[in-house]
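Working notes, beginning with the structure itself.
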Amino acid sequence: MRAEPKGEQAAAATRALNVMIVGVGGQGVLMISKALALIGQKQGLQVKQSEVHGMAKRGGAVFSHIRFGVEVWSPTIARGEADALIALEWAEGLRWIDYLRPETGVFIADTRRIVPPFACRSRRHGAPMAYARETPAEALEKVGEGFALDATAIATTLGEPRAANTVLLGVLSTSLDMPAADWLAVLDALTPPKSRAINLEAFRAGRAWAEAARDDPTLRFDAGFVPRARPADAPDMSVALVINAAWCKGCDICVKLCPERCLVLDAEQVAFLKAPHACTGCRVCEWLCPDFAIEVRTAVREAAGA
Amino acid sequence: MNRQVRPQPSADVLPLMGNEAIARGAWEAGVRVAAAYPGTPSTEILESLGRYPAADLYAEWSTNEKVALDVAIGAALSGVRAIACMKHVGLNVAADSLMSQSYIGAHGGLVLVVCDDPGIHSSQNEQDTRLFARFAGVPVLEPSDAQEACDFTRLAFQISEDFDTPVIVRSTTRLSHTRSVVRVGARAERPSKGFVDAPGKTVTIPANARRLHPRVIEREAKLAAWLETSPLTRLETGDRTFGIVTGSTAYLYVKEVVPRASILKLGAAWPLPEEALRAFAASVDRLLVVEELEPALETAIRAMGLAAEGKAFFPRAGELSPELVRAGLAAAGLAEAAPAPRSLGIEPMARPPVLCAGCPHTGAYLALRGIDARVAGDIGCYTLAAVEPLRSIDTTVCMGASIGNAVGMAAAGEKKPIVATIGDSTFLHSGIPPLIDAVYNKANVTVVILDNAITAMTGGQDHPGTGRTLRGESAPKVDYESICRAVGVTWIRRVDPYDIGHMYQTLREAIVHKGVSVVISERPCVLDPVKIKGAPLAVAEERCVACQSCMNLGCPALIWSDALYEGRHRVAIDAAACIGCTLCAQVCPTDCIQPMALA
């Protein structure tokens with residue numbers, strides 16, 4: 001039998017409950033979205049669950065909106081109106097954090113980082129990684145209620161890192177007023193036999209972690225989170241390329257293999273640094289030149305006395 | 001309206017995605033033939049139809065959208081209910097068939113599902129199919145949720161038979177990919193009506209077509225009259241200071257923002273019930289139109305002489321949302337503006353989609369990057385090679401455009417070598433006619449067929465080159481080399497894109513060949529039909545000199561290490577993501593990327 005909302009809960013139930021689940025393709029955003037939708041349905045509520053596919057398998061950002069209530073119209077959640085945000089990846093949680101209701105929204109995030117290739121684009125000396133810098137402690141200050149945990153680590157100790165999504169679902173379950181038995185029944189129905197036991201265990205582990213964190217706020221964020229440091233003192237980045245035109249035979253190897261595509265052959269078929277601002281001094285041309293015609297001079301090496 | 005009633009979970013109430021609901025509606029309507037070419041966000045409709053028993057319906061992946069519609073037309077003319085499904089740009093390909101079929105009619109029942117992509121989540125434009133329906137003179141139904149998607153699709157078949165017209169059911173990404181509970185029904189089997197046997201109607205020679213065109217115009221008027229009282233046209237009476245004409249998911253956003261407003265919900269965006277619109281306009285002080293994309297309704301309503309306001313307040317580009325509807329109503333002075341969204345000062349980094357770790361396209365485009373050619377691209381995952389770091393595609397227009405574009409570049413005297421790159425599924429979709437054109441007209445171009453043996457972009461659908469049908473039965477397999485030879489290509493090489501050196505060398509030979517040269521890059525997709533995972537590689541960190549040549553692959557398994565060399569980050573490999581394709585090891589100048597045991 002489903003639980004009937006009573007008293008205050010009945011009043012709150014007239015407004016739809018909005019949950020956002022975000023992450024990176026392949027993390028299981030859609031699996032826990034489905035679980036949430038089924039749980040809402042079990043309570044006899046209208047449920048709308050909206051997702052954007054297409055790029056899901058290609059490492060792009062994935063997000064899913066789930067709304068349940070007595071009457072649900074829009075399939076999407078407006079900015080500032082999410083009651084809960086579950087993030088399966090740290091930076092994705094930060095990306096959507098302002099979708100939470102300012103005072104009351106619950107932020108639940110795995111502190112695990114999946115760094116996109118895009119974040120590692122700049123090859124310059126001392127270049128910082130283009131990845132979110134906020135720490136869990138900082139993020140939790142910005143939300144009504146927050147939990148930042150290393151869910152992947154918890155799931156890994158259970159033997160399946162990919163069950164991190166179910167750990168987070170367990171954390172969420174302590175914030176929503178729905179019977180624990182319903183959650184377990186839905187997970188039981190949704191997970192394949194092979195991973196069923198682990199998923200149920202992961203759910204319980206998440207629930208237990210959240211209950212402990214509710215009693216002791218110091219547990220609410222992953223203190224072991226090490227922010228990515230940028231190299232402390234960025235060295236002098238100046239680079240000079242010395243090309244010995246007499247030795248260059250125009251074989252084109254440096255032009256083809258320059259990672260920044262800053263070399264060309266000039267009219268005399270001699271290597272020429274066309275885009276000096278783009279040169280990072282990586283030395284690939286120097287190493288690969290069969291005729292030792294290129295020398296890369298960087299301040300870093302000279303300082304080191306090389 | 002019974003939305004206040006809590007549905008009891010029961011066997012006839014299923015949580016369905018919009019696309020699954022469309023398939024369900026078609027199945028309940030007794031559809032016997034279904035055909036589609038995959039395209040986000042429409043793909044799941046046919047996949048879902050393919051899961052109903054083969055005894056109920058025949059379903060096929062067609063080589064392109066026009067073929068899909070032609071198959072459905074043939075079935076409808078033979079007396080059974082038939083459906084074709086495609087994304088919005090697929091209708092451009094199928095438009096030729098639709099425009100004529102509008103004259104011919106439907107006989108057995110013909111429904112065309114077209115999924116638009118407002119907001120361009122995964123497409124090359126956001127054209128509005130409602131304008132196409134008007135152009136073709138056929139009705140277009142616009143469901144707003146999964147329940148309506150099921151009900152309207154079923155109804156579409158009825159309309160198709162009753163009015164002898166193809167019917168378009170228009171979905172959008174938001175509807176297609178939103179899951180909600182649907183009260184479903186049983187399938188109604190319908191015996192075949194037999195072949196239409198009316199050549200005066202089904203052969204569109206000029207004499208017949210001249211007679212048929214006025215009937216299309218009459219049919220439109222009859223449909224408009226029927227829509228005046230049809231349940232598709234629904235009046236919700238509320239506050240009379242303003243009234244909103246709306247439909248599709250825009251209706252949901254309106255209900256979310258102004259639940260007690262007066263609304264005329266149009267279940268069909270063409271033709272329009274003029275009397276109902278006039279009566280509604282007369283009943284309210286101000287008339288607004290809330291619609292996604294083009295002002296299709298607004299323009300038509302204004303043409304009736306009614307003072308409708310719409311695009312003055314609501315955007316014509318992009319996807320609507322409750323926020324945009326609220327902002328529009330606020331601008332019109334009809335709703336409270338939402339408080340300005342707070343900013344938490346967090347600058348999220350970009351996370352664009354990338355080619356998978358081990359994607360065979362990566363090797364092909366890295367080699368191409370070294371060629372310094374003018375590259376005409378096509379539609380598929382490989383379009384991602386247009387951005388950094390591979391950055392090796394100059395143009396992407398639409399399905400099958402690459403080879404024709406390349407011929408034009410050559411004809412215009414472009415000085416760089418000219419290469420067209422096209423995936424296997426796209427080549428079969430619409431790449432063969434332009435290849436014939438290139439050979440016939442002696443164009444000096446290189447065509448790279450990126451054969452990963454699947455339709456990857458849309459999630460791994462079979463096609464005539466995979467040797468399997470929609471229902472998983474084995475099928476004859478297209479041989480690309482034979483096709484190329486048959487159309488007159490003499491210079492053809494097959495290469496494994498995991499061998500970058502070989503790929504590069506082959507491309508260098510190809511571009512100096514006079515005439516059409518074809519390079520077939522052969523390597524299966526790492527995701528479909530089976531996920532490929534080999535032993536991962538690792539970086540011997542002390543030997544890595546942080547040149548980051550491997551980072552030019554854009555492989556998601558390659559990340560920065562915290563260790564530095566001359567102030568630059570060394571590289572590390574995420575063993576969970578790496579599939580061991582060795583592309584990075586091949587480009588590493590210091591040979592520091594090796595199997596894990598050695599590194």
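Going from the start of the chain as shown, residues are counted 1 onward.
Yeah, the Cβs are placed from backbone N, Cα and C, and that goes for glycine too.
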Fill in: Recorded [4Fe-4S] cluster 1 site member, picked from B:Cys381, B:Cys398, B:Cys484, B:Cys588, that accompanies B:Cys544, B:Cys547, B:Cys550 in TrEMBL
B:Cys588
Worksheet item: Per TrEMBL, which one of B:Cys525, B:Cys555 shares the [4Fe-4S] cluster 2 site with B:Cys578, B:Cys581, B:Cys584?
Response: B:Cys555
Discussion item. Which binding-site residues are spatial neighbours of B:Cys550 ([4Fe-4S] cluster 1 binding site) here, meaning Cα within 10 Å, out of B:Cys578, B:Cys581, B:Cys584?
Written reply: B:Cys584
Item to complete: Other than B:Cys555, B:Cys578, B:Cys581, B:Cys584, which residues of the same chain sit close to [4Fe-4S] cluster 2? List them in sequence order, counting a residue when its Cβ is within 8 Å of the Cβ centroid of the site.
Response: B:Ala357, B:Gly358, B:Leu537, B:Cys550, B:Leu553, B:Ala557, B:Leu558, B:Ile573, B:Ile579, B:Gly580, B:Thr582, B:Leu583
Discussion item. Under a three-state reading of DSSP, tell me whether B:Cys547 ([4Fe-4S] cluster 1 binding site) is helix, strand or coil.
Written reply: coil
Response to the item:
Cβ under 8 Å from chain A, restricted to the binding-site residues B:Cys544, B:Cys555, B:Cys578, B:Cys581, B:Cys588, picks out B:Cys555
Discussion item. Using DSSP, what is the helix/strand/coil residue split across the domain '4Fe-4S ferredoxin-type' (B:569-598)?
Written reply: 5 helix, 8 strand, 17 coil
Worksheet item: What's the CA to CA span in angstrom from B:Cys584 ([4Fe-4S] cluster 2 binding site) over to B:Cys547 ([4Fe-4S] cluster 1 binding site)?
Response: 12
Discussion item. Beyond the listed site residues B:Cys544, B:Cys547, B:Cys550, B:Cys588, identify every same-chain residue whose Cβ lies within 8 Å of the center of their Cβ atoms for the [4Fe-4S] cluster 1 site.
Written reply: B:Val539, B:Val545, B:Ala546, B:Gln548, B:Ser549, B:Val571, B:Cys584, B:Val587, B:Pro589, B:Thr590, B:Cys592, B:Ile593
Worksheet, complete the sentence: For B:Cys578 ([4Fe-4S] cluster 2 binding site) and B:Cys544 ([4Fe-4S] cluster 1 binding site), the CA-to-CA distance in whole Å is 18
Worksheet item: Which whole-number mean pLDDT does the model give the domain '4Fe-4S ferredoxin-type' (B:535-563)?
Response: 91
Response to the item:
Cβ-Cβ distance under 8 Å, sequence separation of 6 or more, same chain as B:Cys555 ([4Fe-4S] cluster 2 binding site); the residues meeting this, in order, are B:Leu355, B:Ala357, B:Gly358, B:Thr362, B:Leu583, B:Cys584
